[in-house]
Amino acid sequence: MEPIKDFYQRPLHDIRISVTDKCNFRCGYCMPAEIFGPDFAFMPKEQYLTFDEIEKLVTAMSEIGVEKVRLTGGEPLLRKDLHELIAKLSRIPGIKDIALTTNAMMLPKLAGKLKAAGLQRVNISMDAIKEDVFKKMNGRNVSTKPVIKGIDAAIEAGLEVKINMVVQKGVNDDQILPMARFFKERGVMLRFIEFMDVGSTNGWKMSSVVTKKEIITMLSEEFEVEPADPHYYGEVADRYIYKGTDTEVGVISSVSDSFCSTCTRARLSADGKMYTCLFATEGFDLKEAVQTKDHAGLTEAVASIWRVRKDRYSDERTEETAKNRPKIEMSYIGG
Ligand code: SAM
Ligand code: SF4
Ligand code: SF4
């Protein structure tokens, strides 16, 4: 089948798959500990798509244009034997890029195995370099040390590494420059992410967003940075290069300068619901389809969801939509 386009002529290029909704952290902007406490009802494991089912779905999606897969969650490395899924995905002919987003805690143990299975890239989330700020933000009092060990393990295994830092005003904006210094020195790409109103539990306010402009102004006070061209259509980060180096730094400006017009991403929850936007209210259940339909039927099921897609939430966001529109939590839909 030909690549298909949605209502606004955006192709489906990129699928983000949540393999579990559970996590070993409780970052306040994603899974606040007051809500995701010991009694929180996470998805029973029996509801997860199996690796064979995920492979079948990605094969169908690759038929209509998907080339990139990102595994996420919750914390994807909590899903047992994830390398087996990566091996299956890397054998799908149309899939050119397999990436993972993780908090890095389990990378010292798993990085080599994941790379050997076909993983190419990891995005590692780290929101501060100062111990007390990091400990507070991850909600589990975890030190930066195991995360740095995880980053080193990924580099050593030969994985391409990017660091993601979600910036919240008054929480970790004082970490922008220390983080930039730390990762520039190591030649590792750091990307600042504007705090988003995903889900309805993280107390988001427009005033807690540190904008791309503010971040670049702050960086420019200490470093000489030059804009770099996007690598491909739909790239989400604005990229810059520290002058005189080949180290990049980026900003993902989902709030202050949204990029819905080139959004080529869909998401799949661990229990098999496809979401055509991070801020969707409803998903399309594909579990039954994957269990009952043949390849052509499944491909058509996915194509028919994408063809009518009209999402452009970030272009339309206001304080009002942030507060009142029901949205799926990030840990469920997959970041
Ligand atoms: N547990 C893994 C991790 O933290 O990398 C993967 C899942 S996490 C939901 C994926 C990404 O979403 C992380 O980089 C995280 O920082 C980001 N994220 C979560 N909540 C966010 C929010 N409210 N605004 C912006 N980014 C957010
Ligand atoms: Fe867990 Fe990632 Fe969410 Fe933090 S951002 S609570 S590590 S899923
Ligand atoms: Fe894509 Fe929805 Fe984000 Fe816009 S708001 S960039 S459509 S996921």
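From the backbone N, Cα and C atoms, a Cβ is placed for every residue, glycine too.
Bear in mind that TrEMBL entries carry predicted annotations, made automatically and left uncurated.
Annotation source TrEMBL lists domain 'Radical SAM core' at 7-229.
Here TrEMBL flags ARG16, ARG70, THR101, LYS162, ARG265, ALA266, ARG267 as GTP binding site.
Taking the Cβ of CYS27 ([4Fe-4S] cluster 1 binding site) as reference, residues of its chain lying under 8 Å away and at least six apart in sequence are, in sequence order, SER125, ASP127, MET137, ASN138, GLY139, VAL166. TrEMBL lists CYS23, CYS27, CYS30 with the feature [4Fe-4S] cluster 1 binding site.
Annotation comment: TrEMBL describes TYR29, GLY74, SER125, MET196 as S-adenosyl-L-methionine binding site. Under the three-state DSSP scheme, TYR29 (S-adenosyl-L-methionine binding site) falls in the coil class.
Annotated [4Fe-4S] cluster 2 binding site per TrEMBL: CYS260, CYS263, CYS277, in sequence order. Taken residue by residue with DSSP, CYS260 ([4Fe-4S] cluster 2 binding site) is part of a helix.
Non-local neighbours of the compositional bias 'Basic and acidic residues' (316-328) in the same chain are 197-200, 204-206, 255, 258, 269, 275, 279-281, 283; each lies 6+ residues outside the stretch with a CB under 8 Å from one of its CB atoms. Positions annotated as compositional bias 'Basic and acidic residues' by TrEMBL: 316-328.
The feature region 'Disordered' is assigned by TrEMBL to 316-335.
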Mean predicted confidence [pLDDT] for the domain 'Radical SAM core' (7-229): 96
Same-chain residues at least 6 apart in sequence whose Cβ lies under 8 Å from TYR29 (S-adenosyl-L-methionine binding site): VAL166, GLN168, PHE195, ASN202, TRP204
Distance-selected binding-site residues near ligand 3 (C-beta under 6 Å), from THR101, MET196, CYS260, CYS263, CYS277: CYS260, CYS263, CYS277
Entry from the binding-site residues list CYS23, CYS260 having the most other CB atoms no farther than 10 A: CYS23
Listed binding-site residues with Cβ under 6 Å from ligand 2, out of TYR29, CYS263, ARG267, CYS277: none
Composition by DSSP (helix, strand, coil) of residues within the compositional bias 'Basic and acidic residues' (316-328): 7 helix, 0 strand, 6 coil
